[in-house]
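What TrEMBL says about this one:
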TRANSMEM  12-30  transmembrane segment
TRANSMEM  42-65  transmembrane segment
TRANSMEM  77-100  transmembrane segment
TRANSMEM  120-143  transmembrane segment
TRANSMEM  155-176  transmembrane segment
TRANSMEM  196-215  transmembrane segment
TRANSMEM  235-256  transmembrane segment
TRANSMEM  283-306  transmembrane segment
TRANSMEM  318-337  transmembrane segment
TRANSMEM  343-363  transmembrane segment
TRANSMEM  375-393  transmembrane segment
TRANSMEM  416-434  transmembrane segment
Amino acid sequence: MDKKTLTNSETLTIGLMLFALFLGAGNLIFPPYLGQLAGEQLLPAIIGFLLTGVGLPLLGILAIAKAGGDLQSIAGRVHPVFGIVFTMIVYLAIGPFFGIPRTATVAFEIGTAPFLSADLASSFWSLFLFTIIFFVITVLFALNPTKLVDRIGKILTPILIVVISFLAIKSFLTPMGPIGAPVGNYDTEAFFESFLQGYLTMDAIAALVFGIVIIQSIRAKGVEDKNAILKTTAYAGFIAAAGLSLVYLSLSYIGATSVEAIGMQDNGGEVIALASRVLYGEIGGIILAAAITFACLTTSIGLVSATAQFFNKVFPQLPYVAYVFIFAGFSTIIANVGLTQLIAISLPVLLAIYPLAIVLVILSFIDHSFYQKSYVYIIPLVLTGIVSVFDALKSSGFEFNAITQIFSYLPFYEQGIGWLVPAIIGTLIGIIIARSTHKK
């Protein structure tokens, strides 16, 4: 049945599903650490983080909907071959090669291992059994993508919201202590420091991957009109953005008020783990374990489903169900035997492709201004790629002192976004050429 629009209830459910898909373990762990570092500068810090940690993913979701449903349709504007190769690299990097296996290992290390004896926690068989159960549940949810929205939006998301709410409400009603003093650069540059940290979550790539799940979910409800899909996606995106913002605000406040009780910690995982026990005792550890496990599970389901849908579209010789089993099975193996090595390979790949993905998203919103000329995409992407690929090689341990010296003159290079100004210059050059040569 072809419907014009979804009901408010259906739109809310899709928005909650998108919220849950984004709320992976990293998203739960970083804000508490941000709160500890920012202290009394929490307000400008959280604003900076929300702009890039929530704003960029929202733009990514809207870009996918505007383009018609997948990253390939955007990347293909550069060249059809680039479109398929770049999209495959993105899906494999954030999917079975890195993102999906990591959801299982993080869920085990934070959600299960603390409740086991030292011998069991370090045992190969404990992790193996956990990952088998974890990915069996992932497969059961991902097998039928038409029901994915209801299963995540109506079952897992409410559970996730409840467990996070327990921590947040307790923290607001009975804070662990006063808000601490800002640390390091957060004393004078809280906004910019957090702006960069939000960027480094790389959730904009996840948005490009999850976009196909959202579009398929809307179509499964009977909506086929492109404008209606875009409108519904926008509503769902804002619902997810509002939910993520509330979670980040709550968790960062927990971190900001925790220093007196638990001291400064080395990472957000330690902050939230210790804070949960201060707030609720041992039950706090159980609440945290539930939150992390459900967050990782929903992200795993979304990534498996999105990756399977993409490869089924590109290589339809295998059915969607087969791809679900292949990627879940491969991720199970990697989570147990090869994650450390693959992280070393995958992180540089993500560093190389993330800036390219952001530039593609931004250009897709303004391509009417340069008449969708492919060279306007190519110029800034080449300039961006030169910097981002070099950054990726540097993160792998390769040293190019002469090039590093040259790139150090780029604005924001030391902060990790040296590609930004070359991308802007390349875009302006392309637009000027396109508009000056366009025949009206």
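Positions of Cβ are set from backbone N, Cα and C atoms, glycine also.
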| query | Can you find at least 3 Cβ pairs under 8 Å between the transmembrane segment (235-256) and the transmembrane segment (155-176), where each pair is 6 or more residues apart in sequence? | reply | yes
| Cβ contacts the transmembrane segment (196-215)/the transmembrane segment (343-363), at least three under 8 Å, sequence gap 6 or more | yes
| request: Compare 42-65, 155-176, 375-393 by their Cβ pairs under 8 Å to the transmembrane segment (77-100) and return the stretch that comes out on top. | output: 375-393
| note | Highest Cβ pair tally under 8 Å against the transmembrane segment (343-363), stretches 12-30, 42-65, 155-176, lands on 42-65
| query | Counting only pairs 6 or more apart in sequence, are there at least 3 Cβ pairs under 8 Å between the transmembrane segment (375-393) and the transmembrane segment (155-176)? | reply | no
| query | Looking only at residues six or more beyond either end of the transmembrane segment (12-30), which have a C-beta under 8 A from one in the stretch? | reply | 6, 53, 57, 61, 102-103, 106-107, 110, 148-150, 152-154, 156-158, 160, 164, 197, 201, 203, 206-207, 210, 213-214, 217-218, 232, 235-240, 243-244, 247-248, 251, 267-269, 272, 291-292, 294-296, 298-299, 301-302
